[in-house]
Amino acid sequence: MEEENATLLTEFVLTGFLYQPQWKIPLFLAFLVIYLITIMGNLGLIAVIWKDPHLHIPMYLLLGNLAFVDALLSSSVTLKMLINFLAKSKMISLSECKIQLFSFAISVTTECFLLATMAYDRYVAICKPLLYPAIMTNGLCIRLLILSYVGGLLHALIHEGFLFRLTFCNSNIIQHFYCDIIPLLKISYTDSSINFLMVFIFAGSIQVFTIGTVLISYIFVLYTILKKKSVKGMRKAFSTCGAHLLSVSLYYGPLAFMYMGSASPQADDQDMMESLFYTVIVPLLNPMIYSLRNKQVIASFTKMFKRNDV
């Protein structure tokens, strides 16, 4: 009876970051610049790969899709944050919240699978170089890409489905700068223990599987590199894997800490700085990490601009 008489909430307040009023415009401009650079960098990388037929190979097909997912991840979070910097009210409707959570969950999960697939690609390239063209074909790459997106979609649908069993009546204040699953569950009027369990099981399983794939791949890669007698060969192998290892470390570090450490009703509020790092900063850095020392990408980028000038 109490639940029936309670007023259902359909709007929420995103608290966002705490800052002095005079910092509102500088913060808005800073995040706007970051977002624009992120979108230009990732879409630029996609354009370079799309335009150059020489880059239509598994390594760059995976990189192009990573850039697409990074652009989606950044957009799903940053656009609403930019609006809230200037808006008097930081309200978000329940439907908007679910849409944001859905797009966020798809992009985050898909990126996990993509990073694992890229690690496998590096394993085959370094440990089985002669068999690489036969094993890592474009057909296999496309199938792995489809599985990555399907995995992201299913994971998002699971959490969206379980959200429909919840009602929100008491508090409408989300202690975050976007609609993330954990802060939303914490203000649920309905018992959200099952939802927390689903987060722990599915998010945990995905992270264990993808991180495990990355670790196992690089254990074999490291073993193969150490067997190489040529210093030049070792440098080339490290150069091939360095960018991906850095990207994986930056992405999985805060992500694993947040979702494996906070998926319980008693856990403290999420550290928003950790969320900011992997939703805003990592998508900004990835195009630079993968492009600046990649001679093929730089050469293709230069060619594309020369053609445009002509």
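From the backbone N, Cα and C atoms, a Cβ is placed for every residue, glycine too.
Computed from a predicted structure; not experimentally measured.
Taken from Swiss-Prot, the feature disulfide bond covers Cys97-Cys179. Sequence-distant contacts of Cys179 (disulfide bond), defined by Cβ-Cβ distance under 8 angstroms and a gap of at least six in the same chain, are Phe12, Leu14, Ile92, Glu96, Cys97, Lys98, Gln100, Leu101, Phe104.
What Swiss-Prot lists as N-linked glycosylation site is Asn5.
The topological domain 'Extracellular' annotation in Swiss-Prot covers 1-28 (among others) and is backed by sequence analysis. Mean model confidence for the topological domain 'Extracellular' (1-28) is a pLDDT of 76.
According to Swiss-Prot, the topological domain 'Cytoplasmic' annotation covers 50-56 (among others), on the basis of sequence analysis. Secondary structure counts, DSSP: the topological domain 'Cytoplasmic' (50-56) has 5 helix, 0 strand, 2 coil.
The annotation topological domain 'Extracellular' is assigned in Swiss-Prot to 78-98 (among others) on the grounds of sequence analysis.
Long-range Cβ contacts of the topological domain 'Cytoplasmic' (120-143) within its own chain (Cβ-Cβ under 8 Å, at least 6 residues beyond either end) map to 56-59, 61-62, 213, 217-218, 220-221, 224-225, 237, 240-241, 244. Per Swiss-Prot, the feature topological domain 'Cytoplasmic' maps to 120-143 (among others); the stated evidence is sequence analysis.
Taken from Swiss-Prot, the feature topological domain 'Extracellular' applies to 165-195 (among others), supported by sequence analysis. Residue counts for the topological domain 'Extracellular' (165-195) by DSSP state, with H, G and I taken as helix and E and B as strand, are 9 helix, 2 strand, 20 coil.
Here Swiss-Prot flags 217-240 (among others) as topological domain 'Cytoplasmic'.
Residues or ranges marked as topological domain 'Extracellular' by Swiss-Prot: 262-271 (among others).
Swiss-Prot lists 293-310 (among others) with the feature topological domain 'Cytoplasmic'.
The feature transmembrane segment is assigned by Swiss-Prot to 29-49 (among others).
What Swiss-Prot lists as transmembrane segment is 57-77 (among others), and the listing cites sequence analysis.
If one looks beyond the transmembrane segment (99-119) by at least 6 residues along the same chain, the residues whose Cβ comes under 8 Å of a Cβ in the stretch are 59, 62-63, 65-66, 69-70, 72-73, 75-77, 80, 92, 144-145, 147-149, 151-153, 155-156, 159-160, 163, 178-181, 184, 206-207, 209-211, 213-214, 217-218, 244, 247-248, 251-252, 255, 279. Here Swiss-Prot flags 99-119 (among others) as transmembrane segment.
Below 8 angstroms of C-beta separation, residues 61-62, 65, 98, 101-103, 105-111, 113-114, 117, 120, 181, 184, 194-195, 198-199, 202-203, 206 of the same chain, each at least six residues beyond the ends of the transmembrane segment (144-164), sit close to that stretch. If you look up Swiss-Prot, you'll see 144-164 (among others) marked as transmembrane segment.
Annotated transmembrane segment per Swiss-Prot: 196-216 (among others), in sequence order, evidence recorded as sequence analysis.
Sequence annotations record features per position, and here Swiss-Prot assigns transmembrane segment to 241-261 (among others) based on sequence analysis.
Same-chain neighbours of the transmembrane segment (57-77): 35, 38-39, 41-43, 45-46, 49-50, 100, 103-104, 106-108, 110-111, 114-115, 117-118, 121, 125, 136-138, 140-142, 145, 148, 177-178, 279-280, 282-284, 286-287, 290, 296-297, counting only residues six or more beyond its ends whose CB sits under 8 Å from a CB of the stretch. Each residue of the topological domain 'Cytoplasmic' (120-143) gets a DSSP state, and the totals for helix, strand and coil are 18 helix, 0 strand, 6 coil.
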